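J.: According to TrEMBL, the feature 4-amino-2-methyl-5-(diphosphooxymethyl)pyrimidine binding site maps to Q42, Y43, R44, E45, K46, N73, T112, K141. TrEMBL lists D74, D93 with the feature Mg(2+) binding site. Residues or ranges marked as domain 'Thiamine phosphate synthase/TenI' in TrEMBL: 13-192.
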Amino acid sequence: MTGKKDLLAVLDFYLVTDSGLSKKGTLSDVQEAVAAGCRIVQYREKNKSTKEMVAEASQIKSICGADAIFLVNDRIDVALAVDADGVHIGQEDMPIDIARAILGADKIIGLTVHNISEAIEAERSGADYVGLSPIFDTATKSDAGTGIGTERIKDVKNAINIPVVAIGGINKQNCRSVIENGADSLVAISAVVCSDDVKRETQELIAVIKSASGRIC
Ligand code: TZP
Ligand code: MG
């Protein structure tokens, strides 16, 4: 097991990059979030060439260092190219058993799920965590679907034994209820990368998450 897998047990805020929405750019967002205490970063890039992605992923890996898990969204080839800590994939991406065979047992694989049955199947097939999506309606991902609401988080959490990361429409105002309803960690893309101060926004989110989960701040 990579040492990084242990960090999955103590996640709070989870940064997903979005160069289309970012005010100051992906590298700046990662730097500020990690400086604020974020311990997991997912490089999600839909608009750059593979060459650009490999170069940027390599820089993000350096910023994450030993402090933060570094995952690549969808692109197993890019994750392998830079020796990232793992990938995050969706239901329509590379099947998880094939992703695991390519990446090996040590790498982290997160899988997006939308309901209990997908979550149970994700755990059975070897996912290290699930991303439960979308909790609220969101404009950030056009095909995300309708928000499932915070009550569903509990049902998914109670059905599996791997961490549940909530995503979709989450911000400082509603993140407490997301954690109180059982999420281990949460993503807030637009709330963070569209803010003027990514570091402060991340610090404030982490403080609310820690207080809502009963962890000492
Ligand atoms: N996957 C499910 S919802 C979503 C992704 C990538 C977008 C979440 O963005 P925001 O701005 O936090 O609603
Ligand atoms: Mg995907």
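If you go along the chain as it appears here, the first residue is 1 and each next one adds 1.
Even glycines carry a Cβ here, placed using N, Cα and C.
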J.: Out of R44, K46, K141, which of these binding-site residues shows the lowest number of other CB atoms within 10 Å of its CB?
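T.: Counting other Cβ atoms within 10 Å of each of the binding-site residues R44, K46, K141, the minimum falls on K46.
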J.: At the level of the C-alpha atoms, what whole-angstrom distance separates Y43 (4-amino-2-methyl-5-(diphosphooxymethyl)pyrimidine binding site) and D93 (Mg(2+) binding site)?
T.: 16
J.: To what whole number does the mean pLDDT across the domain 'Thiamine phosphate synthase/TenI' (13-192) round?
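T.: For the domain 'Thiamine phosphate synthase/TenI' (13-192), the model's average pLDDT rounds to 98.
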J.: For D74 (Mg(2+) binding site), find which of the binding-site residues R44, E45, T112, K141 come within 10 Å, Cα to Cα.
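T.: Taking R44, E45, T112, K141 one by one, the ones whose Cα falls within 10 Å of D74 (Mg(2+) binding site) are R44, E45.
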J.: Looking at the binding-site residues K46, T112, K141, which have a C-beta within less than 6 Å of some atom in ligand 2?
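T.: None, as no Cβ falls under 6 Å.
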J.: How many whole Å apart are the CA atoms of T112 (4-amino-2-methyl-5-(diphosphooxymethyl)pyrimidine binding site) and D93 (Mg(2+) binding site)?
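T.: Their Cα atoms are separated by 10 Å.
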J.: Quick test of your reading of the structure: among the binding-site residues Q42, Y43, K46, D74, K141, whose CB sits under 6 A from ligand 1?
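T.: If the test is a Cβ under 6 Å from any atom of ligand 1, the answer is K141.
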J.: Give the residue from the binding-site residues Q42, N73, T112 that has the most other Cβ atoms within 10 Å of its Cβ, counting over every protein chain displayed.
T.: Q42
J.: Identify, in sequence order, the residues in the chain of E45 (4-amino-2-methyl-5-(diphosphooxymethyl)pyrimidine binding site) that are 6 or more apart from it along the sequence and have a CB within less than 8 Å of its CB; answer 'none' if there are none.
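T.: The answer is T17, S19, T26, M53, E56, N73.
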